[in-house]
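Student: Below you'll find the structure I mean.
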Amino acid sequence: MAEPILAVAGLRKRFGGLAVTDDVSFSVAEGGIHAVIGPNGAGKTTLIHQLSGTLRPDAGSIRFAGREVTGMGLPRRARLGLARSFQITSVLPGFSVLENAALAVQARSGSSFRFMRPAAGERALNEQAMAALDQVGLGARAGMMAGVLSHGEKRQLELAIALAMRPRLLLLDEPLAGAGPEETERLIGILLGLKRAYTILLVEHDMQAVFALADRISVLVYGRIIATDAPAAIRADPAVRAAYLGEDEVA
Amino acid sequence: MRAALVVLAALAAAPFIGFGEGYVLTLLARAMILAMAAVSLWLLVGGAGMVSLGHAAMLGIGAYAVVVLDDARITDALVVVPVAMGAAALFALVTGAVAIRTSGVHFIMITLAFGQMAFFTTASLAAYGGDDGYTLYGRTTIGGQRWLENRLVFHFLCLGLLALALAGGQMLLASRFGRVLRAARENPLRVQAVGFSPYPYRLIAYGIAGAIAGLAGVLMANAAEFVAPSYLAWQRSGDLLFMVILGGLGSLQGAVLGALAFVLLEEWLGHLTEHWRLIFGPLLVLSVLFLRGGLVGVLRRG
């Protein structure tokens, strides 16, 4: 079996007396969507911060694409091909939609310590940025300011920015958060399309979406992974059902 | 950019349409020099989102480089200009290396502290007049020629360098480097998430702004043929910051409009009444309250 794209071993993070990440180990194989689910307060956000490099774990290791990345910060992991999206939409509101994506292309296309030539006129950057926008169906909005997009479109843009990085792994932090029913449907359609070409680690609260999308699911409860399996097996797992007791999404 | 071009054209025409008297040209030169300093500060505030309250130190270090060289009888621009710009840039890089690790109010305070350090250092330079300042033996020469003694030449030198700073700043902001800088101002997390670490970009911008301010300092020293520690006082930094905000953070030309408006208003009120500060202060407050987006914002809406 090929080496997994992401391998997490013995990850721990405590805030005071609370173990928010408690000996978490799992790996993500290349291809498809691996989802991490868990009830509120399970430590999903803390986990994703450690995976993307915005939070340093107390113990354990994270290997990404065959390299030890535990001590690396967010920018270095991004340059290795780990693209993350944010639970709270994070785009550049004062930049055009195209420039948002072009910045991500620029980050992997040679030095950015260039002071003379206008970046907005670089065709190579713009063409690749445009391709990423088209992938998420945002091509028609390229010239608009990102700040005036609808919430759902901003989520799409965030996906396009991640794609423009040519990522080896997409780390999506609740990409459906705050989206209305129609927007959710559109985003699920986009994710289904992306799943064929990319490896995605999806942290999501929306159970229906997760079961519609994921190939594998890890369940995080009180900082621990209590199960990792195919969706059907997860649905039938009594421990998982117990953890979600009272939350009607799975029942 | 249109408003700035109109202003620059007006400044070019000024000496030939009745504003050629000595004191008017002195006033305009002062306005253009401060505008150049404001352009360099705008790159930090408007471009990189770094609000510095110590920018007068860069200006002052450029001016004191002229003093130190003048005292050693070195007056040629070929030496003076690179030394002044280099000294100001070096000061910016060294202090910036520390300051840029902070942000927000902390950045304001730490730049203020470095600025005051430079101020007290110059005030203690007994060899160069200390508190009283230093009167230059003469203006900077160019290739041994004393061209800068000519008022018109000096006027157009200030204008040319201001235009150059504006064009250079514009080019910088539009470049790959500037795009990273602007993006990091809007959303540093987003910039990191695509793979950039903002720190080196901000530090280099800080150094470049220091160099431009250093050049303005050379002109400042030449304009008055006198340099004093007050050039580095934090009030001067506050004035510069105010010019930038008055002009507006929406576009680089705001720095030029803001500086000119500030200097001319100050002068005009000074002629009206000796209590001009009583009017100037409230006017500044009102302009912040009501000119959202600064002068640039007003022009855009109008």
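Backbone N, Cα and C define each Cβ position, glycine as well.
Reproduced below are the annotations present in TrEMBL:
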- B:32-65: transmembrane segment (TRANSMEM)
- B:77-100: transmembrane segment (TRANSMEM)
- B:106-131: transmembrane segment (TRANSMEM)
- B:152-173: transmembrane segment (TRANSMEM)
- B:203-228: transmembrane segment (TRANSMEM)
- B:240-264: transmembrane segment (TRANSMEM)
- B:276-299: transmembrane segment (TRANSMEM)
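I'd like these features described in context: how deep, what's nearby, how far apart.
Tutor: Panel annotation: around the transmembrane segment (B:77-100), residues 50, 52, 54, 57-59, 61-63, 65-66, 69, 107, 110-111, 114, 118, 140-143, 199, 202-203, 206-215, 217-218 of the same chain, lying at least six beyond its termini, place a Cβ under 8 Å from a Cβ of the stretch.
Residues 26, 29-30, 33-34, 36-37, 39-41, 43-44, 47-48, 50, 55, 58-67, 80-81, 84-93, 96-97, 99-100, 128-129, 131-136, 138-140, 148, 154, 157-158, 161, 165, 168-169, 172, 177, 181 of the same chain, all 6+ positions outside the transmembrane segment (B:203-228), place their C-beta atoms under 8 angstroms from a C-beta of that stretch.
Remote same-chain partners of the transmembrane segment (B:276-299), defined as residues 6 or more beyond its termini with a Cβ less than 8 Å from a stretch Cβ, comprise 3, 242, 245-251, 253-254, 257-258, 261, 265-266, 269-270.
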Student: Would the transmembrane segment (B:106-131) and the transmembrane segment (B:152-173) count as touching if the test is at least 3 Cβ pairs under 8 Å, pairs 6 or more apart?
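Tutor: Contact between the transmembrane segment (B:106-131) and the transmembrane segment (B:152-173): absent.
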Student: Go through the chain and flag residues at least 6 beyond the ends of the transmembrane segment (B:152-173) whose CB is under 8 A from any CB in it; none is fine as an answer.
Tutor: 1, 4, 8, 11-12, 14-15, 20, 25, 28-29, 32-33, 35-36, 39-40, 42-43, 47, 139, 181-182, 205, 208, 212, 215-216, 219, 222-223, 252-253, 256
